[in-house]
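Since the structure comes first, as structure tokens, the remarks are kept for the end.
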Amino acid sequence: MASTTLLFLLLSAFCVAAEAQQRGSNISRGSSLTPTSNSFWLSPNRLYAFGFYKQGDGYYVGIFLNGIPQKTVVWTANRDDPPVPSNVTLHFTSEGRLRLQTQAQQKEIVNSASASSASMLDSGNFVLYNSDGDMVWQSFDLPTDTLLLGQRLSAGKELFSIVSETNPSTGMFRLKMQHDGNLVQYPVKTPDTETYAYYATNTGGVGDNVTLHLDGGGHLYLVNTNGFNIVNITDGGYDNENLYLLRIDPDGIFKLYSHDLGQNGSWSILWRSSNDKCAPKGLCGVNGFCVVLDDRRGCECLPGFDFVVASNWSLGCIRNFQEEICKSKDGSTKFTMSTLENTWWEDASYSALSLSTQEDCEQACLEDCNCEAALFEDGSCKKQRLPLRFGRRSLSDSNILFVKVGSPEVSRQGSKKELRTNILVISVSLASFTLIILAISGVLIHRKNLLAYKKISETGNVGLTEDVALRSFTYMELEKVTNCFKEEIAVAQQRGSNISRGSSLTPTSNSFWLSPNRLYAFGFYKQGNGYYLGIFLIGIPQKTVVWTANRDDPPVPSTATLHFTSEGRLRLQTQGQQKEIANSASASSASMLDSGNFVLYNSDGDIVWQSFDLQTDTLLPGQRLSAGKELFSSVSETNPSTGMFRLKMQNNGNLVQYPVKTPDAPTYAYYTSETGGVGDNVTLLLDGGGHLYLLNTNGSNILNITDGGYDNENLHLLKIDPDGIFKLYSHDSGQNGSWSILWRSSNDKCAPKGLCGVNGFCILLDERPDCKCLPGFYFVVESNWSSGCIRNFKEEICKSNDGRTKYTMSTLENTRWEEASYSNLSVPTQEDCEQACLEDCNCEAALFEDGSCKKQRLPLRFGRRSLGDSNILFVKMGSPEVSPHGSKKELRTDILVISVSLASFALIILAISGVLIRRKNLWAYKKISETGNVGLTEDVALRSFTYMELEKVTDGFKEEIAAAQQRGSNISRGSSLTPTSNSFWLSPNRLYAFGFYKQGDGYYLGIFLNGIPQKTVVWTANRDDPPVPSTAALHFTSEGRLRLQTQGQQKEIANSTSASFASMLDSGNFVLYSSDGDMVWQSFDLPTDTLLLGQRLLAGKELFSSVSETNPSTGMFRLKMQNDGNLVQYPVKTPDAPTYAYYASETGGVGDNVTLHLDGGGHLYLLNTNGSNIKNITDGGYDNENLYLLRIDPDGIFKLYSHDSGQNGSWSILWRSLNDKCAPKGLCGVNGFCVLLDDRPDCRCLPGFDFVVASNWSSGCIRNFQQEICKSKDGSTKYTMSTLENTWWEDASYSTLSIPTQEDCEQACLEDCNCEAALFKDGSCKKQRFPLRFGRRSLATHVIP
């Protein structure tokens, strides 16, 4: 077996003095600078300067290196402002402001409180101080494009490149230290998503306070919130005498620069984030691609495209030809295809075809009007729309890009003379044609008017005058068309004008407000016997509802009224009650728009509320479904209330369908756009022509759900139907027909999950979904499939006393269910699978397929018939209960026979019992008379006690009668406890007690098991407070507070509202109740280190170990039920990150409301928000009569304990999270490692180290020698190396070398001043810095626990 050797650099010198305080110049109020004289303030070392520097014809204010020949700018104030002229002045004013004055204008340079002095430090940091000498502002907190030695880039901060070496304004690229711990480069003005990233340290998830550091020797690295180095970007070790700086250059690559102070040379590059000069995304703009020529990069445009601005590549390229209609009337295309080889582009294809030749791909794009480019590679043809992004020449990609091009516009390189000639010819032709048309039109109009007037004089029919004069109407005509003037002129005004305050609607008259195009209406619509308020299409024969207000309220009666009140509120009044319809500020007017959007406006005409923001089940053209928003299906076509399904535009950019009341997790999804990760502001849009697509925050189309191109004259809408499928509908405005479906999210009508409820499955009958129950089950509500199915048989004990099962198995073929098996067996036949489930009391169903037998518990979910699945489902069944479909006559007969039989049997038993009891009593009285021993009277009379017996059992009558009452009754206000008398309140079963328990010389308040020999504490109040003395008292006060009083101080025990009474329950839960009997506080909600039967550990909650068995304070370890559904153990005071975890249930991602449960029989499991068991941590099945509890022990391992209630023995461990007692991380602190001695964990220090506190291993280890300077002047080292074999440590190495021997590894560390330890194994030498963490003895070198 190979050995692992750890080598340590024994630092044997001591830093004799702290670092000298950094020097800085002292700049007082009243000082000033000008660009032409006294233009900067120097640092004491004369290396850095703060002041004006020249750029072009003007000046900027900044910090620059003045002590080297090349004046290098490292920071610029107000970088995006234009440069200032030479007559400007920078004042450090008498009020302590740094103010730039130019041409009668003033601008603050720094945003800070008033400063008393300023300083340009030797580090390159410009600082302002208050009168106390405290720093109030520093340039290091606001980096521009550069990081200096000792400067940090904190979480959330960014560096931005400059435009060019002669323009310090914000450029095209940025370097961001993200909150998730990842250091990433992006183009500017893009979201922080992978799509746009072109460099990353891949350290996401390590924490939210990671910082980027640049230290001496050019060491660039990331440090987490605990001060640990998590990654070395550069290894450092360069000359400490040199200058170093980190900069993100205008080309988008960030680089580490070095300058030798002893030379007059230029800066040299030690390291760069990428050697590929075309790596930065967006360098060449849209439709442009990057190429490298003679090691210099350049940009080119797609064929048929030119740069928007030839001198600025980043603006991208546009077509140099005129866009035309895709195809002629005869179906032929007007475009040709141009090719471009060996390029790489972002994959934003809307269709991918498998084609054999590039010619087929070219033709497929040419014939598709949506296709503007196609990429062909290895038989795959990916169709794309413009613009194309992030293009670059890539010789390793043997692909061909086809680009659709048309007839070129007037060439930019063509002859100007030819152009002028063409314009002249066209202009003369158009002028001549216009004169001819005007002449002909004049003659025709004149002749028509003469004919019209002639007709008028001949017939007197004013109907013909509409072409030449206003139309006149008689009184009778007006009366007829207005229905006796019942339709008032105001209606016409509402169609095209604003709806003013004071307007109202009722269901039976004046029931809606129309849009100007008379297509949409806002108002009452009838449903059943009542009315709803909504928006509906009134301009087509089928009145189609597209939005409903307060959809989950019951319908209103015909007497309801909608008022647009004088205060500007939209208020529904019904039966004396009022309800707001739009939750908005006061509105001045309203309008039903032609788009189907109902809008409220303020007095300035700004929208304060619109129905488009509160979608129900429908999306109209022009309407958006924004990130985080949802559509919810209706219950049915006749019930607009919220139904069973939802369509969500997730914040991660994914459009997903789920059942309602389920978490946003893949387990529940049944449709997805597969666009997760594209950004956090993606929206779903529906445009005219039925184009349904997703748009990102930059306005780029990221996915076409439908291609559009339908008739723009038709009506279109998107709706999630009651069946759970969302569909694109179209209605021909010229026909009186019904809606037609253009597209649907799924053609499988059984696809929506949850359609048939739990234990039900979906089948298709004549293309319609239908639901069935498992064998032995029936629907909870026959008319409502979604209610699910329950057993029609009675549950019994699994097996008889002789071991035989009481169940049979029923089979169901060709169905598919959610995979939630707790055991997966490999068995040869279906009979073996059936028998395996039958004999397993935990198994309620088993799915057999291809030799695999998956055991499951009920309920089963998301079932459906699947003829493509050749499986068999076995379902465990018992004796049926009264069948809901059985014969009532047979049922009555059975009941009569059973009743008569039971009555007869009962009479016989009573007769026999009476005889036996009489004989026993006669025998007992005979004994009494013979012996006089009252001890035998317990069977026939009350037990008598002497005074001495009573005095003995009550300890001199100290335990008062009231204590007995408290055990089984409520605890009332005014009750109290003390540690030495009346110290606890018992539960009715006398098992649990709430009160004082002794620990050392004091007392804690908690809950403990009092009914077993070992007093076991299961909960402690205020555990981190010191123990209280014997004089303390707990009062349940007259105000209903639980208050601990000790030495004149008071402390609340339960943080709750006032309680009326309390109770110690049999479950071990101590509860406070209100006067209504409602629970206002319970100990079960605030677990410490223990979970009892029936208690839950909710999402986000934790158990914390105790310090020791004799100290209940918070210890070193925690067990957390995470919000992502994972149950994880960590050391305390560490982030919830995999680096620190040492146990996990591996259930992350199953939902955000998972809970940990402990039930009878020792069954420990995880339950999701729907009540489904997602994982069994223990299988249970232990003795139900025993006591069980779960506890995270001081050693960091959580364990399931059992206590036999019939024995006086100790607790036994049934299960533990880990068998390795050295597994808990942090057990031995930093620089310490764990070993097992006689199966007990023990801690040791590294060679040359001692424990900080010998009695407390977790305090870790520190050096027992003085630190010295690494090397002498002659270059020799002052250290030696010590070795330690067969240990494992966290891998935080900053350098890994491949070297043949451990001696080489030892020497490599010894000669490296940054190296403090090195781990050698199998030719790999990993150099590390202190502290080392999570150490343990590991004799098996290939095992990492």
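Every residue gets a Cβ built from N, Cα and C, even glycine.
TrEMBL: automatically predicted annotations, no manual curation.
What TrEMBL says about this one:
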type	residues	note
SIGNAL	1-20	signal peptide
DOMAIN	18-141	domain 'Bulb-type lectin'
DOMAIN	274-311	domain 'EGF-like'
DOMAIN	326-407	domain 'Apple'
TRANSMEM	423-445	transmembrane segment
DOMAIN	490-613	domain 'Bulb-type lectin'
DOMAIN	616-741	domain 'Bulb-type lectin'
DOMAIN	798-879	domain 'Apple'
TRANSMEM	895-917	transmembrane segment
DOMAIN	962-1085	domain 'Bulb-type lectin'
DOMAIN	1088-1213	domain 'Bulb-type lectin'
DOMAIN	1218-1255	domain 'EGF-like'
DOMAIN	1270-1345	domain 'Apple'
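Cβ atoms under 8 Å from those of the domain 'EGF-like' (1218-1255) belong to residues 6, 8, 10, 1116-1117, 1129-1131, 1134, 1140-1143, 1195-1197, 1261-1265, 1282-1284, 1287, 1289, 1317, 1330-1337, 1345 of the same chain, restricted to positions at least 6 beyond its ends. Where the domain 'Bulb-type lectin' (1088-1213) meets the stretches 18-141, 326-407, 616-741, 1270-1345, the count of C-beta pairs under 8 angstroms peaks at 616-741. DSSP assignment over the domain 'EGF-like' (1218-1255) gives 0 helix, 17 strand, 21 coil. For the domain 'Bulb-type lectin' (962-1085), residue counts in helix, strand and coil come to 10 helix, 54 strand, 60 coil, using DSSP. For the domain 'Apple' (1270-1345), the model's average pLDDT works out to 82. Secondary structure of the domain 'Apple' (326-407) per DSSP, as helix, strand and coil residue counts: 9 helix, 33 strand, 40 coil.
Counted with DSSP, the domain 'Bulb-type lectin' (1088-1213) comes out as 0 helix, 58 strand, 68 coil.
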